[in-house]
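Taking it in order: structure first as structure tokens, then the write-up.
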Amino acid sequence: MNALAATNRNFKLAARLLGLDSKLEKRFNMTMLEGPMKGGIRYHPEVEPDEVNALAQLMTWKTAVANIPYGGAKGGIGCDPGELSVSELERLTRVFTQKIHDLIGIHTDVPAPDMGTGPQTMAWILDEYSKFHGYSPAVVTGKPTDLGGSLGRDAATGRGVLFATEALLNEYGKTISGQRFVIQGFGNVGSWAAQLIHEKGGKIVAVSDISGAIKNSKGLDIPSLLKHVKEQRGVKGFHGGESIQDSNSILTEDCDILIPAALGGVINRENANDIKAKFIIEAANHPTDPEADEILSKKGVVILPDIYANSGGVTVSYFEWVQNIQGFLWNEEKVNNELRTYMTNGFKDVKEMCKTHNCDLRMGAFTLGVNRVARATVLRGWEA
């Protein structure tokens with residue numbers, strides 16, 4: 001089942017739990033009911049319409065779960081940014097912005113970075129957009145701080161994963177300290193999650209990225225690994241761990257908590273039975289197929305769903321947008337404290353939905369998001 005089909009399936013299940021009318025469902029799917037549309041722009045060879053549609057829909061529910069005033073959007077260009085020079089990336093981004101400048105806007109659609117893009121990409125979009133509409137720092141988030149970006153934005157998704165994990169473990173009388181973690185994906189989200197979990201006393205026993213995978217049952221030296229990755233552009237060759245020949249097998253390494261932080265669909269019916277983790281924190285979008293979901297549920301594995309677990313990035317993007325509109329910069333401590341509050345409250349709201357509808361965390365998060373958008377639909381008079 002692809003990402004779009006899986007998202008539609010979860011949406012329909014949540015709508016059924018809430019007893020929504022089918023006509024109402026169609027009216028509010030992927031709309032601007034609660035504010036401007038929000039979502040990342042990705043540069044990746046596998047970008048295609050179904051994936052973009054699924055991720056846009058996912059953003060609708062994610063922003064609703066996070067309780068921030070946005071609808072969902074997504075965009076992308078099918079390219080391999082690693083094969084392009086900086087000059088080529090800039091020209092590509094500026095031409096792309098020329099084509100979409102009338103579609104995006106401070107109160108219409110506010111892009112952000114995603115896979116293959118970053119602060120520099122957002123800076124080019126801001127500059128090109130401003131040629132048409134005047135200087136408008138709030139038109140994109142995830143910008144460099146020198147152009148109005150928020151402090152703490154770079155670490156936001158990874159820090160949100162930490163806060164989400166703490167909230168979940170607290171339900172089971174556990175803390176981060178002493179837990180064994182496996183992190184698949186060591187880009188921005190995975191590396192920040194590893195660093196912050198390590199600082200809290202968690203033991204990272206295995207990590208992987210596009211270059212390879214490594215493990216150390218005693219725990220990897222994360223500061224040294226981060227230095228190695230910066231110098232060598234990958235985890236491969238790190239001397240503080242043993243190489244794993246098949247990078248995909250990292251998902252079935254022995255651990256307490258598995259954090260998929262790379263591409264979608266990596267946990268499927270082929271490997272679900274072999275997963276040893278007790279908890280899965282979905283730092284990536286759509287990492288778990290519905291078939292795997294059912295297998296893992298029967299095994300008693302607790303999954304913290306992506307639409308809550310990785311919402312730290314869009315939450316701090318909201319903070320950045322607010323700061324740009326206000327023209328007032330928050331300090332990093334305020335950003336991190338506000339993020340903790342949003343993530344903690346979000347988990348409580350999801351758990352409340354789980355109790356109300358007697359469902360798992362994924363369906364609890366979906367019913368929370370769908371219910372909030374449904375309420376906005378009715379209040380705005382769109383139910384007819």
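Glycine residues also receive a Cβ, built from the backbone N, Cα and C atoms like all the rest.
Whatever TrEMBL says is automated annotation, not expert-curated.
Per TrEMBL, the features are as follows:
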| type | residues | note |
| --- | --- | --- |
| BINDING | LYS38, LYS62, SER317 | substrate binding site |
| ACT_SITE | LYS74 | active site, proton donor |
| SITE | ASP114 | site 'Important for catalysis' |
| BINDING | THR157, ASN188 | NAD(+) binding site |
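Overlay of TrEMBL annotations on the structure.
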{"residue": "LYS38", "record": "substrate binding site", "Cβ neighbours (10 Å)": "28"}
{"residue": "LYS62", "record": "substrate binding site", "Cβ neighbours (10 Å)": "28"}
{"residue": "LYS74", "record": "active site, proton donor", "Cβ neighbours (10 Å)": "24"}
{"residue": "ASP114", "record": "site 'Important for catalysis'", "Cβ neighbours (10 Å)": "22"}
{"residue": "THR157", "record": "NAD(+) binding site", "Cβ neighbours (10 Å)": "24"}
{"residue": "ASN188", "record": "NAD(+) binding site", "Cβ neighbours (10 Å)": "18"}
{"residue": "SER317", "record": "substrate binding site", "Cβ neighbours (10 Å)": "29"}
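Ranked by Cα separation from SER317 (substrate binding site), the recorded positions LYS74, ASP114, THR157, ASN188 are led by THR157. Considering only the recorded positions LYS38, LYS62, LYS74, the residues lying within 10 A of ASP114 (site 'Important for catalysis') on a C-alpha to C-alpha basis are LYS74. Other than LYS38, LYS62, SER317, the residues of this chain whose Cβ falls within 8 Å of the Cβ centroid of the substrate site are, in sequence order, GLY39, MET59, THR63, ALA66, ILE68, TYR70, GLY72, ALA112, SER311, GLY313, VAL314, THR315, TYR318. Of all the recorded positions in the list LYS74, THR157, ASN188, the shortest Cα-Cα distance to LYS38 (substrate binding site) is found for LYS74.
Across the structure, THR157 (NAD(+) binding site) and LYS62 (substrate binding site) place their CA atoms 13 angstrom apart. Distance noted between the C-alpha atoms of LYS74 (active site, proton donor) and LYS62 (substrate binding site) is 12 Å.
Residue pairs drawn from LYS38, LYS62, SER317, the listed substrate binders, are separated by up to 13 Å at the Cα level. The distance from the Cα of ASN188 (NAD(+) binding site) to the Cα of LYS62 (substrate binding site) comes to 19 Å.
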